[in-house]
Structures are given as structure tokens and as C-alpha cells.
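Here the structure is laid out as C-alpha cells; the discussion comes afterwards.
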Amino acid sequence: MTREGFVPWPKEAADRYREAGYWRGRPLGSYLHEWAETYGDTVAVVDGDTRLTYRQLVDRADGLACRLLDSGLNPGDAMLVQLPNGWEFVTLTLACLRAGIAPVMAMPAHRGHELRYLAAHAEVTSIAVPDRLGDFDHQALGREVAEDTPSVGLLLVAGGTVGTDATDLRALAEPADDPVTARARLDRIAPDSGDIAVFLLSGGTTGLPKLITRTHDDYEYNARRSAEVCGLDSDSVYLVALPAGHNFPLACPGILGTLMNGGRVVLARTPEPGKVLPLMAAEGVTATAAVPAVVQRWIDAVASGRHPAPPALRLLQVGGARLAPEVARRAEPVLGGTLQQVFGMAEGLLNYTRPDDPDDIKIETQGRPMCPDDEILVVDASDNPVPPGEMGALLTRGPYTPRGYYRAAEHNARAFTPDGWYRTGDVVRLHPSGNLVVEGRDKDLINRGGEKISAEEVENLIYRLPGVARVAAVAKADPDLGERVCAVVVVEPGTQLSLESVRAALTAMQVARYKLPEDLLVVDELPLTKVGKIDKKRLRDVVRGKADSVEAV
């Protein structure tokens with residue numbers, strides 16, 4: 001079922017990807033019963049005291065899929081999913097794939113500002129949230145978003161306290177009452193392999209996130225090929241420590257790549273060393289994915305003697321931001337296993353260093369494309385290719401890089417060339433080994449511990465505050481997170497503005513906490529370039545030593 005606003009691959013490219021065997025012409029959900037039949041009573045998912053075998057997981061996914069349809073949802077619908085790492089997330093994702101419902105992968109850190117936009121833009125018919133996480137009432141927010149979104153008819157809540165106006169997700173996720181009938185029903189309504197399997201979120205520079213449409217064809221290949229490159233098999237035990245709705249832990253190879261190969265998925269609610277390192281030891285974790293800030297904490301915890309190194313670790317993937325060489329050099333000696341740098345994006349292209357690469361390649365580069373038909377160009381400002389070794393903007397296209405964002409024609413005209421090349425916004429150079437080295441971004445993004453924040457979005461929010469005349473949001477270096485948000489503001493005469501008041505105002509707007517400024521600099525005027533634009537390069541130099549600061553949250 002094709003949605004209006006979805007940009008398909010051109011027929012010539014699609015035919016080529018099918019002929020090459022990248023696209024197998026099967027929806028992702030059609031593989032589940034093969035997994036159950038092959039791996040049966042092998043443990044598939046571990047979430048605290050909950051352990052589900054492959055057979056149990058698939059029975060629950062089928063049961064949930066049928067009950068979602070019985071609740072009024074239809075194949076082709078979209079569901080806003082904001083669940084923490086847990087068995088409910090895995091089961092619901094698989095159920096959606098079986099029923100032809102496309103999950104919109106929101107983050108647990110998102111608040112009403114983001115959720116209302118995502119729900120409206122994707123025209124979701126259902127929302128799935130936890131009851132509470134920490135001190136935040138997600139159920140209450142989910143109820144508000146549902147009431148504000150006319151298309152929503154079902155609010156699902158995972159947790160021990162479910163309101164009378166919501167539906168208990170855990171109860172719906174019981175095994176199918178009649179497994180044979182449920183399987184036959186879902187097989188009959190299976191989506192087309194070219195349909196949207198999942199909506200991922202961009203780290204866009206132009207305000208709120210863009211929706212990335214990943215089809216069953218391309219996302220199945222994304223996970224399958226990633227698992228091949230990373231060497232996952234039925235003995236693999238993969239730890240999900242990053243938010244599971246991110247592309248990285250979901251399908252690079254992540255949850256899907258592990259389940260395809262009969263491995264075990266272990267879910268952690270937090271990447272904090274005190275929780276994760278003992279869990280890795282107890283479950284015999286062999287592979288995991290992390291961002292540089294998390295890896296640094298793990299290294300410090302092991303090197304200081306607070307925790308032993310994970311004894312079974314074979315593969316440590318690091319991505320989401322560039323890994324400093326000095327940290328990369330310590331990863332293998334301290335944590336064990338093989339370091340794999342990952343440079344990828346929810347929009348498609350995945351670059352991996354290979355496990356058998358020499359140490360200098362694993363430390364100094366961010367990998368090479370995983371597919372022979374991944375096309376890359378490194379170009380100058382006029383889109384002319386630059387010589388190998390010189391820096392330029394990265395363009396790409398391939399069998400798992402979509403040709404456009406969802407319902408974003410105007411943005412697509414800027415983000416994609418007429419012949420389908422995606423402008424990634426990354427500045428790279430080609431290493432003599434053929435790998436890519438990431439030098440930075442040509443887009444206005446702030447990378448806070450792997451979460452990409454649009455400077456423009458933060459600026460537009462601060463502009464709503466009384467007395468703000470001009471504002472620029474820039475990245476400030478952070479020793480743990482890599483970068484954090486610094487707001488540089490010009491105020492109208494007589495206006496008093498503090499960091500605390502800005503954060504309080506944005507919190508009241510229901511903005512995700514990780515987007516809140518952590519530094520504020522009030523200035524008389526903003527520096528401008530020769531063409532009258534705010535000179536952010538100069539501002540980044542200024543904020544290095546002149547901002548009032550709060551502790552990173």
C-alpha cells in the first residue's frame with residue numbers, strides 16, 4: 001500500500017537491486033515463522049527477568065498483531081511508538097511488521113513538542129507509550145497527544161498502571177489464542193515488500209525531524225548485510241544499550257540482524273557502566289553498539305577497576321559521532337573484543353571498518369560502504385568530484401538509501417540531486433585504504449552524545465521568549481558528550497534573561513530535555529558574514545571560554 005508523500009526508487013534502480021539479490025521481494029514479517037521453526041526454544045530476547053524463546057516471541061507478535069487489527073487498526077496505518085528498551089518494544093515492532101503497520105520510532109526523551117508533530121505528520125492512528133519512565137508521566141502525555149491528533153483512535157500503554165481510557169499493551173501481547181489461525185490471517189494480509197516497514201527520524205537541520213521511509217525490501221537488506229559484515233551468528237549475544245528506536249541498535253545489525261541469525265537480544269534501559277557491564281558479564285554479551293561518550297565511560301569504569309571487562313565481548317561497534325583516536329586506541333586493550341567504527345545514517349548508507357582491518361585503519365577511519373552497489377561521491381561546493389584525500393561533501397545513493405523524505409517535497413529538492421544522490425551533509429575525505437574519514441558536518445547540527453539536534457529548531461523555540469531580539473544556537477565542546485547546546489542571544493533593552501529561565505520556558509513548551517541549552521551567552525550583537533548571515537564559525541570560537549554554564553544533564 002503506497003502512501004502519498006512516499007518517494008520510491010526509480011524502476012531501473014529497483015530492478016537492478018532485485019536482480020543483484022539485495023531486495024528479496026518479501027516483507028520483513030514473513031521471516032518470523034522461519035526464525036521460530038529454525039531456532040524454536042532458543043532464547044531470543046532477554047529483558048530483566050523476562051526471557052522469551054523464538055517460538056514464544058513469534059507467538060506473542062502474532063497475537064499482538066491480530067489484536068491490533070481487532071482494535072480497529074488496518075494494514076497501511078502508522079503507529080507512533082515511544083517505548084523504552086524492553087521486550088514490549090521488540091514484540092510490538094515485530095507485530096507491526098506482521099500486520100503491515102509502520103511504526104514511527106520516537107525516542108523516550110521526546111516530549112509533546114516533538115510527539116505532536118510526528119503524530120500529525122505521519123497521520124498515525126495509534127500511539128504506544130510506557131506508563132512512566134523515572135519521574136515523567138508518559139501516559140498522560142500520550143493521552144494529550146492522542147486527544148490533539150484527530151487520526152488517533154487507540155492509545156497503548158506498557159506498564160503496571162494503565163488508565164481506563166488506554167489499552168494495556170502487555171495484555172494485547174499475550175500469545176495468539178489460535179496460533180495456526182493467527183498465522184494464516186496475517187499471511188493473507190502481508191504487506192508488499194516495497195511498502196513502508198518503518199519510519200525513522202532524521203537528525204535534520206531545518207527544525208523538527210524529517211521522517212525517513214524504510215521499506216521492507218531495503219530494511220531487510222540493511223539488517224541482513226550488516227549482520228554478514230559484523231559476523232553475527234546463532235552464538236551471538238547482542239546488547240541493546242542505545243535507545244532501540246534508533247537505526248543503529250535496531251538494524252545495524254542490531255535487534256533485527258541478531259534475530260535473523262538466531263542470536264540472543266539483551267535489552268538494557270540505560271548504558272550506564274554500573275548497570276551495563278555486570279549485565280554484559282552475566283549474559284555473555286558478544287556484541288554491542290555505543291556512541292563515543294558511552295564508550296569513554298565504559299573504558300573509565302574498567303580501567304579504574306570499578307568493573308571487570310566484559311569477558312565474552314567480540315565486537316564493539318562505535319558510531320553516532322566521530323570517535324577520537326585516543327579513545328579508539330584504548331577500546332580494545334581495556335574492553336576487549338574488536339573495535340568497529342560505524343559511520344552511518346538513518347537515511348541509509350552504512351560504512352563499517354571490518355573486523356580484520358589493521359589497527360591503524362580501525363582507529364583512524366570510519367569504515368567503507370557495506371554494499372558493492374553503494375555509490376559515493378566526494379564533491380566540492382559546485383558538486384565537482386575532489387581528488388582522493390581532499391575534503392569534500394559526501395553524496396550517496398544505493399539499495400538501502402531512500403530517494404526522499406516523507407511528505408517533504410521542498411526539502412527533498414535541496415537534500416537530493418535530480419538524479420537521486422542524497423546530500424548527507426557530512427564533510428569527508430577518502431583515505432588511501434578506500435575507507436572514509438569523517439571531518440565534520442556542513443549542516444547546522446549539534447551532536448550531543450549521538451543525538452542530533454537542529455540548531456534552527458532550538459533557535460525558533462527561543463525566539464518565542466519575550467524580549468529575545470536575535471538568537472543563534474551553536475555547539476560547545478563537552479568532554480563527555482562531545483558537544484552540547486549553547487544559546488547566544490541578543491535581548492531587547494531592559495530584558496533580563498538567564499540560562500535557568502530559558503530552560504524553564506522550553507521545558508514548559510514540552511521540548512525534549514536533551515535539546516535544552518546548557519550554556520547561555522548574552523551579547524550586544526551577533527557577528528555576521530559578508531553576506532549578512534550569522535557567522536556561526538566565529539560564534540563557536542567565542543563560546544569556548546565565555547559562556548555561563550550548567551552541568552550537562
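Residue numbering: from 1, along the chain as shown.
From the backbone N, Cα and C atoms, a Cβ is placed for every residue, glycine too.
What Swiss-Prot says about this one:
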type	residues	note
BINDING	GLY203, GLY320, VAL342, ASP426, ARG441, LYS533	ATP binding site
BINDING	HIS246, ASN247, LYS533	substrate binding site
Do me a favour and check the Cα-Cα span between GLY203 (ATP binding site) and HIS246 (substrate binding site); whole Å is fine.
11
In whole Å, how far does the CA atom of VAL342 (ATP binding site) lie from that of HIS246 (substrate binding site)?
14
Measure from the CA atom of ASN247 (substrate binding site) to the CA atom of ARG441 (ATP binding site) and give the result in Å, rounded to a whole number.
20
Far apart in sequence but close in space: which same-chain residues, 6 or more away, have a Cβ under 8 Å from ASN247 (substrate binding site)?
LEU200, GLY254, GLY344, MET345, ALA346
For the C-alpha pair, I'd like the distance in angstrom between GLY320 (ATP binding site) and HIS246 (substrate binding site), rounded off.
10
Round to the nearest Å and give the CA-to-CA distance linking HIS246 (substrate binding site) with ASP426 (ATP binding site).
19
Where HIS246 (substrate binding site) falls in three-state DSSP terms:
coil
Mind giving me a neighbour count for VAL342 (ATP binding site)? Other Cβ atoms within 10 Å of its Cβ, every protein chain shown.
23
Quick one, of the binding-site residues HIS246, ARG441, which Cβ has the fewest other Cβ within 10 Å?
ARG441
Those binding-site residues listed as GLY203, GLY320, and which of them has the most Cβ atoms within 10 Å of its own Cβ:
GLY320
Cβ neighbours of ASP426 (ATP binding site) where a neighbour is any other Cβ within 10 Å:
22
